[in-house]
Amino acid sequence: MFAKTKTAIAAATLCAVGGLALAGSHAQGEFAREIKARQAQMTLYAFNLGILGAMAKGEAEYDAEAAALAANNLAAAKSIWMPTAWPAGSDNASVEGTRALPAIWAADSDIGAKSQAMGEAVAALQAAAGTDLEALRGAIGPVGASCGGCHKPFRAEE
């Protein structure tokens with residue numbers, strides 16, 4: 001079963017990565033590449049969290065190896081440090097094609113602490129995801145909360 005699941009995850013990842021070229025295609029202007037890069041990273045987060053979330057909710061059968069793979073992929077995506085994708089002036093008040101609010105770049109922004117909290121939550125999820133369903137369920141909530149911790153203050157509504 002895992003071979004089919006692994007193949008399906010790999011195929012879906014390839015499709016997601018292929019789609020990344022389109023993910024930020026509406027971004028325009030001076031910061032189009034930077035916006036596309038950070039949207040691509042967010043797409044990878046969402047893709048892997050979707051796999052884990054479906055298992056945690058019972059919408060997909062729990063598969064320890066597939067859960068571990070998705071958690072490892074999420075950790076790998078989180079480990080990409082690309083501050084160059086977040087230049088000042090690439091917010092939604094300055095350019096089209098992004099929902100990033102100017103508050104990200106404010107001197108009193110706590111985005112660094114929020115990013116660190118996400119990293120810690122992802123590491124805990126990575127350790128738990130492949131052990132059993134209950135461990136996955138216990139560890140996924142803090143990751144979702146850390147996502148919301150940035151999205152609520154720093155991302156504009158659609």
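Using N, Cα and C of the backbone, Cβ positions are placed for all residues, glycine too.
Keep in mind that what you see is a predicted model, and the values were worked out from it rather than measured.
Annotation source TrEMBL lists signal peptide at 1-23.
Other Cβ atoms within 10 Å of the Cβ of C150 (heme c binding site), summed over all protein chains shown, number 16. The heme c binding site feature in TrEMBL is assigned to C147, C150, H151.
One way to see the shell of the heme c site is to take the Cβ centroid of C147, C150, H151; the remaining same-chain residues with a Cβ within 8 Å of it are K114, M118, S146, G148, G149, K152, F154, R155.
Note on H151 (heme c binding site): other Cβ atoms within 10 Å of its Cβ, all shown chains, come to 15. Long-range Cβ neighbours of C147 (heme c binding site) (same chain, at least 6 residues apart, Cβ-Cβ under 8 Å): Y45, L49, M118.
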